[in-house]
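Annotated features, as they stand in TrEMBL:
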- 164-179: compositional bias 'Basic and acidic residues' (COMPBIAS)
- 185-197: compositional bias 'Low complexity' (COMPBIAS)
- 7-145: domain 'Spermatogenesis-associated protein 6 N-terminal' (DOMAIN)
- 148-199: region 'Disordered' (REGION)
Amino acid sequence: MPLKVVVELQIHAVTCPGVFLPEKDDIFLNISILGQQKETGCLPAIFPLLFHEKMRFEKVFHKAVDPAELAQSLENHTTRFELIQLTHSVGDILAVFEENTRQFLFPEPKLTPAYPGVDREVLMKTVNGFRGIAPKVEFSTRTTIKEKSNDYQKKTLAAKPHIRRSDSNPKKSTREKGPNKSFHSPTKSSISRSPSPCARRCVNELNKDIQQQPGRLNLV
């Protein structure tokens, strides 16, 4: 069955000791994980930036049926943090952190971390024009991997009652009872084969002629 990855991310803070930004416009974090992008709220441009926000990212890997294939798929995805200041309409990127998603979610050399959900921190890379040391992001992650078999079974079971209801269609049951009624009441075809009143009158007259014919012979 396909595997589903759910990432619960909690951003604690962005620290940058001793750095004062010349621009005073608000700052936020833009985060991309598993192909989904989410943003934190905006804070004044004063370090440390205390976000304390929770986010949830999830993705179904339809071609990954075992942990080895999933690990390979995660290596093809990129996790990216962007520290953006709203100095222009689209914002200016102050610092960036980028890493393949497998290394980001499982920094140890195995798929299951030793202590899930422990606090972590990564050092960002500043862009040209940023003065001072690089900002550091403090966060926590919790990653869950599960199969989609339960959802598939629920959909299958939900579809079966619909099929059974179609079998008990009242119109179909009425059609099935039709042949039984034919033994007790004449069908349209049998009614159409019965003689008409005109035909019956002709037959009666013919019978009278036959009955009177011997008498006529005796009189001759």
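A Cβ is built for glycine as well, from the same backbone N, Cα and C atoms used for every other residue.
Any TrEMBL annotation is an automated prediction that lacks curation.
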DSSP residue counts for the domain 'Spermatogenesis-associated protein 6 N-terminal' (7-145), split into helix, strand and coil: 14 helix, 68 strand, 57 coil
Overall pLDDT of the domain 'Spermatogenesis-associated protein 6 N-terminal' (7-145), taken as the mean: 91
